[in-house]
Each structure stands twice: as C-alpha cells, then as structure tokens.
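Let me begin by presenting the structure, written as structure tokens, before commenting on it.
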C-alpha cells in the first residue's frame, strides 16, 4: 500500500510538473495539426496506444482529438476565436491528457491566435449630430464607436476624419481598452453660412493588410440656445448584483439647464452603449432613471458602460458616462463531469481500487467558485483529490457481494458561497461475485429410516445445501463420498436435487444401519465443497417366524417325570428364537394341545413346562403335548413343537421299554384286575396315538420338504430372544441299545424334598 501511495504521488507530481503548450491560428481547417504530443513527451506512439492515452477538453465541447497511432494532436473542427472567446484579449483552450498503467494526467493548453478576418463596422451608417452655432471652439462631441471582433493589433486601432475647416478628431480610450472618437470643434459655426456639414469617418484596424469601415457624419447646425445641460457628475459608477430582478432602480441621472421653457426641459437617451447593454437597461427619458430590463449574468459580462445624452428643448445637449460593475453572486451550482467509470468490480478487489474519475467546475468566482466533494451515506468508498479539480472515487474497505450486491453512490459537490449550492451525480457500481463461500448443509447429520424388504431405488429422504454465492458459483451438486477402490454402496444421492435413494432391498437381520458421507460441491473455480453425514436406520419387519430349538427333531422330544413330582416341578424348557428384533422378536408360549390339560402348565414368557399339580397314580403313564410359540409382530407369526412325557415310578426302569413294562404284583387281586384293564385301555390308546403320530409325521415331512430351511443364530446360548439360560441347561445321554428316545436326568437324580 505504501508503494502504491508513493507511485501515485510521483504520478501526480509529474503530471503537475509537465505542461504542454501549443498555438493554433483561428479558422484553420478541420483536423488541422496542433502539436506532436508523443515527440514533446519523448514517448513512442506505441506507448501512447499501450497506455490508452486520451485527450479531454475542458467544458462540454470536445475540440481536440489525439491520434494514438501517430501521437499528433489535431483540432476536430475549425475554430473561430471570436465565437469561442468573445471580448477576450487572449483565447486559451485547456485540455487534459490521461494515461493508464500507471495513471498519469498531463495538463495542456492551446492558444487560439487571432487573424485579421473582421473589418471594423459602425452600428449606423450615418451619425447625425446637432450642434448649436454658438457652441464655443474646443467643444467635444463623442461619436459612436466602430466595433471590430478581432483583438490585439488586428482590432480597431485608429479613426480618421475627412479634411475640413471646422472639426478635428481625437481618440479616447475606455477602461475595457476599447477606443472611441470625439469630434473637436476648431472654429465657430455659422448656421447662416453653412447649416449642415457632412464628413466621412473612417475606422481602421492594425492587421496586415489593414481593414477599415466608414460612416457618414452629418452635422446639423442649430440656432442659438445659450445654455447647455450640465450633469451633476461626468461619470456615474454603479455596482449591481447579477440576477437583479427586472425593474430594479440602478441609478438616477440628473442634468440641469439654466434656460427656461422648452429650452430648459431635458430629455435623456442612450447614445452609445457596450454590446448588449441596451437590452439589459431601460432609461426613462423624462426622469433619467435607469432600471434593470434584462438578466444580468456575471459569467457573461462583468462590466457595462453607457453614454447618456441630456437634450434641452432648444436642441442643446451634453453627455455623461454610466459605468456598471456586475457583482458576482453564488448563482451557479458546481458541475460534475464524469471522465471514466467502472460499472462493476469483483468483490475481492483490494482497497484503494479506482472506480471512477471525474472533475468539478463552478462558473462563479472567489468562494462562490470554490468547491468540495463528499459521498452521501456510509459506503465503503472514498474520494481522493488528484490535481486541479479532478477527483478519484476509490474503495476504502473490502467488499462482500453476499452482503451488498450493488451500490448507488451519490457524489455531492458543494461550493463555499454564502448561500451554498450543490449538485449530485449518482453512480451505480455492481459487485461481481467471486467463489468465496462453500456450500453449507442445513444439518450436519441427516437421520432417515427405511423398512426392510424395501423396493429398489426407493426415495428415503433428501439433503440440502445452500451456497451464498451467485450464478454458477452457487450451483450445488451432490455426490456420495467413497474411498478409492470402494464399490458402490446401498445408497445413492441425486446430483441436482440431493434426494437420497436406496439402490437395493435391505434385510434388517443382515444390515441394521447404514452411514455415508455426502459431499456438496459448487460450480466455482476453484470449486468449494462441504460434507454431511446421512444415517439410515433399517426398520425391522415381522418377516421371520419363531424357530423352536428345543424340543427338536422331527418327532419331538421325550421327557421323564417321576410320579412323586409335586406341583411346580420343572419338566422341561421350550427354547425358541426369532431372527427379528424388538416387538417382532418377543415370544409367548402356550399349550395348544395336551393329553391331560390340567396336569401341566406352560409359562407364557419363559417357556418353562411345570406340573400344575402333584402327579397322581391315576394319571396316565404317557402324555403328548403340542406347544405353540408365537411372536408379537403385525401380523404375528408362530411355530409349534411336540413334547412327549412319560411318568415313571423309578428312573432305573427307564432302561426298559416303557410299553413292555408289567406292573408289579400286588397282594390285592382286585387292584390287579383294575391295573390289567387300565393297561389294555392304555395300550389301545397308545396304538391309536402311534397311528395318529405316524400320519402327522408323514404330513409334516411333506410340509417340511416344501418349506425352506430356517436360519438359526450362530450361538444359541448367546441369543437375546427365547434362549435357555446357561444356568438351566440339562445334560442328557441315551442308554446304549435303547429302542426309543428316552432321556435320563443325570443330576439331580432325586429331587430336593
């Protein structure tokens, strides 16, 4: 920043030190040569083109042009000095030469040299003077001046009068430098001898060759009138503010005549006025009051001079001079002229970036023409004076398009007059977007769920990220983050909308949750990105039926119960598992079918089969129970198992075939008969039961062949649903050579009484 400030100071110092001066004769043809800027500055023409050299004339009209290929300054049109600089001795036109890379400003001026292209001309071709014959020699009579638009030596230089015996000619000058002629009476007039005298008045300029103009002076000799009017002052000096309202009294001219009657009655008239003054002032011929009649403008004419003639009734008259100085008032607001303007800048532009270059001009003078510039509002811009009346509009802070995308900058120029005037120039500056904002997800973690056994390509949710930038920098695309070499997962995200899809059907029993990272990338260069986590919970469906682990086998399992077993005696534990989870894996147990329903009860939650009452001697020796295991899913699923129970008096008899057992002889013959009858009934019942079991087995085998095999947990003892705890696992063994599937409880052999 210090280096930039130093270079700017050097540039401004150099621009202030260098100045180009040229001269050009007026009325030259269009595109006339003015000067070779490249040669004067010691630069090659290619340097002018590379630095974008351009010429800006002061004022609203651009009079000069610069040829960037040759470095020659030319006039865009023929210049008329009398039109550009009227009533000015010297005519100088100013221009400014601008360079870029680096910024440099050089002030130049072109003096328009006057040529003698205008002849002196009198306002009237005939000047009539009425002079009393009693006018004493030495009297002077001002004549209307000729006007020459040229200046200097080309302007009006002298008057000459036709040779005669009564009058001579002398030259007088005004404050503004103009000259006028006065007739001097050299010898008394005699009306009776010569009532009228005609003289030729010639005005000549100083050009080479000189030019001239003529007017006829007609002198009428009047009869005797003793006294001429006498003014109170020969010169009336008046100071008058510009823009004074019409009708305002400016001055009262007063002359006195000692004569009486018509010879003493005076009439006032303007005899000679500066250019345009007769339209600005009104003279009352009777009272001599001079009032404002037009619009006085200090910027156009600062001084007016008029000759007033007072004439009495006898034709005698005298003259006085009225000089009006126009006082400047603050009636012109400053004018802001924009030289260059950058319509848009990037938001990462560094502070002190030049946005616009403009100049300020006030046509007033003094403090009324002194100006200052400010920026309205609290904006990140500042004004830096360069040289003369030029200012630079620069940034003074970092810009952020996301906060403010465009600025309406109002530059106010105010003068220092007592009644301060100002003008405003408004500039629109648009801030171009830069990719400085990464996409932002609405959530860091998105949690969604999907039911298992879903259809492929099902929509389960969406992610959303917003980018504060604009245009392509704000266009967000989504993608699943995968490690190098990783295969496509089960989830996919739509590139444009961010919708999340499941690509394939999910199984809760295999995958209970998924987690992927989703990346949002904008369209900037370089691209910015952000990531979010998508967690998918797989919701369990009741798609697995319970599986009975114990009793197992195709024909169920057998259990041995002593006849002395009391109520609550643990007979067996039904063990089942369900691959589902939650409520779908909650199992309940119930007895679907029993040989004697009142003898056994099954715990609905634990699956423990216990005696509902004490075993009696009259209870049948064999029992067959069908256990139904049901889960709590919607709809519920179930499985069943068969359990065979044998009632024994002694566990040592379990080695023999229970169906061939013969009850011990009893001393009571009656009881023996009863036992034989019961045995026959039981045998018949057993035979019927065996046939029924055989039929059920055949049917079950056919059903099992049609159904797929169930999948069991790898570790049954570690299962959370329906498994038998390790503390209640029974070790069983089969006797060698047994003919049926009988079990023996090895411990304890005897129950605890």
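Backbone N, Cα and C atoms are what each Cβ position is placed from, and that goes for glycine too.
Listed in TrEMBL for this protein:
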- 20-122: domain 'Cadherin' (DOMAIN)
- 123-231: domain 'Cadherin' (DOMAIN)
- 232-336: domain 'Cadherin' (DOMAIN)
- 337-441: domain 'Cadherin' (DOMAIN)
- 442-548: domain 'Cadherin' (DOMAIN)
- 561-660: domain 'Cadherin' (DOMAIN)
- 1-19: signal peptide (SIGNAL)
- 671-695: transmembrane segment (TRANSMEM)
Exercise. Looking at 20-122, 123-231, 337-441, 442-548, which one has the highest count of Cβ pairs under 8 angstroms to the domain 'Cadherin' (561-660)?
Worked result: 442-548
For this session: Over the span of the domain 'Cadherin' (232-336), count residues by DSSP class, listing helix, strand and coil in order.
Result: 8 helix, 49 strand, 48 coil
Problem set entry | Confidence summary for the domain 'Cadherin' (232-336), mean pLDDT rounded | 88
Exercise. Counting each residue once, how many in the domain 'Cadherin' (561-660) are helix, strand and coil under DSSP?
Worked result: 12 helix, 45 strand, 43 coil
For this session: Using DSSP, tally how many residues of the domain 'Cadherin' (20-122) sit in helix, strand and coil.
Result: 15 helix, 41 strand, 47 coil
